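Chemist: So TrEMBL has the following annotated:
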type: BINDING; residues: 48, 73, 74; note: Fe cation binding site
């Protein structure tokens, strides 16, 4: 069997030593990112996160974990602000 090797980014970002921030700070940082998958969008990236979470809340009011996942689903894009490709 082949041994599992984590990607190189795991060693770099896994310890969370680059920068510590709250979820709200990360959402605010995303507002400074032009998302390559949606470059023509005129509203901040955090708005998309809230919009997604709210849509899930309306459709699934009993699934708070799903609402949270909707809010957090794009947070990994913050790595683009630290030199990672989108």
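Using the three backbone atoms N, Cα and C, a Cβ is placed for every residue, glycine included.
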Chemist: Setting 48, 73, 74 aside, what same-chain residues sit with their Cβ within 8 Å of the center of the Cβ atoms that define the Fe cation site, listed in sequence order?
Modeler: 45, 49, 52, 70, 71, 72, 75, 77
Chemist: Indicate the candidate from 48, 73 with the smallest number of other Cβ atoms within 10 Å of its Cβ, considering only these binding-site residues.
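Modeler: Result for the binding-site residues 48, 73: minimum number of other Cβ atoms within 10 Å at 73.
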Chemist: Using Cβ atoms only, which residues of the same chain lie under 8 Å from residue 74 (Fe cation binding site) while being at least 6 residues apart in sequence?
Modeler: 30, 45, 48, 49
